[in-house]
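Under the heading domain 'Amino acid transporter transmembrane', TrEMBL lists 66-453. Summarising the annotation, TrEMBL assigns transmembrane segment to 72-92, 98-121, 148-169, 181-204, 211-235, 255-275, 287-311, 331-351, 372-392, 398-420, 432-453.
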Amino acid sequence: MRSISAPPKYNHGDNMTMPDVDIIELVPIEQAMKLPVENEIKHVDMEPAQVTLKEEEEEEDSKRNVSNTNTLSSIICVVAGTGILAIAHALSQSGWIGLLYLIASACMSHFTGIILIKCLYAEKCHGGGRLKDYADIGFAAFGKPGQVIGWMFSQAFLFLTPTIYMILASENISDILAQNGFIWLGRKACIWLIATIIGVPFILVRNMKDVSFLSTFASLCTVCLLLVVCVVSMSSDYTEKIHAVHHDIAIPKNIPIAFSTFSFSYCGHVIYPHLEASMITPKRWSKVLLVSTCVISIMYFTMGLVCYLVFGDHVQSPVYKSLPVGSSQNIAMFVITIHVILVIPFYLYVFTTRIESWLKIEKQQENATSKIMRISLRIGQVVVCGIFAMFIPYFSDFMALVGTILSDTLSFVLPSIFWLKLNWYRSHKTDYEAIVCFIVAMVGVFCATFGTIDAAKQLYHDYVR
């Protein structure tokens, strides 16, 4: 059957010249009826992929609920807390030239912090979504091997850093209690006391906004520590003895391990993707990171300059051990203990998000079974951290070892290599960024190699002794 078009009507006497009309190709009605159906089927076939990507973008947008101010305080909280304790001791290892390496570490850390976030959006130009962490970036850059390397280094850092914090906090609490007559409560018992304290809020944390709420108080603790140590150090009892303290301009053999300590003091990179993912205005990430890096550098420079000037090569790590035993030292120990207790949930939460996503726990928040799995997983994570902290009682040495192996790799090496690979064939790649990435990666590899050897020797020496 064919469709029929009615002919135009003409009155008698009209000019019979045919008007200009478009010639319409007549098609069978059956075929015409099929065309919309075929187009509709094609549309439906494309719909799932589009809907999935849209749902992922909507899910990402729903998680962006943290202000720039909270992000700033979170960076300071994560980066500056324990790093400020070892800066002066790192200067005693390297000499005054270490201040230059401190500034270099700050610049390198800021640069890699920016390119790391750029790597998260590398798939956007290909129609993909935002990457989530080191493992995703590694997969986009080098496939499965890159994913495994990115996952191993980031997860190891996220697990060992809370362990270091537990060691520090347990030593502080046991020392304070011992000075007040509670000798029976030793370091190992304090570890489980701390595990209980941090375990309760960690189990209840559901998103980055929950943990970022703690960052303001943790940052204030860091500022209090800086004020206490600097005020006591600059008192007349110590300033009169500065001329008798030994200082070095440079100690070349200790530069790799000192530089690794500086890199650990600026290493918040493994947290950065999650902080940026929670920002309401992620386009301001570079500005927020710049402000936080400047604030942290001022704090580090002040602490390092004052304490190394006053105590010289006798300065200890943590730095408050250089203060006289008494109220000032106890206050410093107390505020840094509060800081690490508040910051541990940051690392534990980021560590567990990847595992929970693999187990499909985060997608089934209303399921009773998933809640039990989540609670059990997080309790087990805290317990394992506590067990590790019991058998590694050397805060300074273990911090240096983690700094050399993991911090240099995560802060300098991996972001630079990932960025180079993802941008190597792109026309908008700028030469200076590629050169800087190459230099930063080489410095990171050099310090990680030689610093690891020195840190492992020192840890073994203290453990045997």
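Glycine too: its Cβ is placed from the backbone N, Cα and C atoms.
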So, do the transmembrane segment (255-275) and the transmembrane segment (72-92) meet, by the test of 3 or more Cβ pairs under 8 Å (sequence gap 6 or more)? yes
Please report, as numbers and ranges, the same-chain residues at least 6 past the borders of the transmembrane segment (372-392) whose CB is under 8 Å from any CB of it. 159-160, 162-163, 166-167, 170, 188, 191-192, 194-195, 198-199, 202-203, 348, 351-352, 355-356, 359, 361, 398
Are the transmembrane segment (181-204) and the transmembrane segment (287-311) close enough to be called in contact, which here means at least 3 C-beta pairs under 8 A that are separated by 6 or more residues? no
What stretch of 72-92, 211-235, 287-311 shows the most Cβ pairs under 8 Å to the transmembrane segment (331-351)? 211-235
What residues elsewhere in the chain lie close to the transmembrane segment (148-169), defined as a C-beta under 8 angstroms and at least 6 residues from its ends? 82, 85, 133-139, 142, 190-191, 194-195, 267, 270, 318, 336-337, 340-341, 343-344, 347-348, 350-351, 354, 381, 384-386, 388-389, 392-395, 398-399, 402, 406-407, 409-410, 414, 418
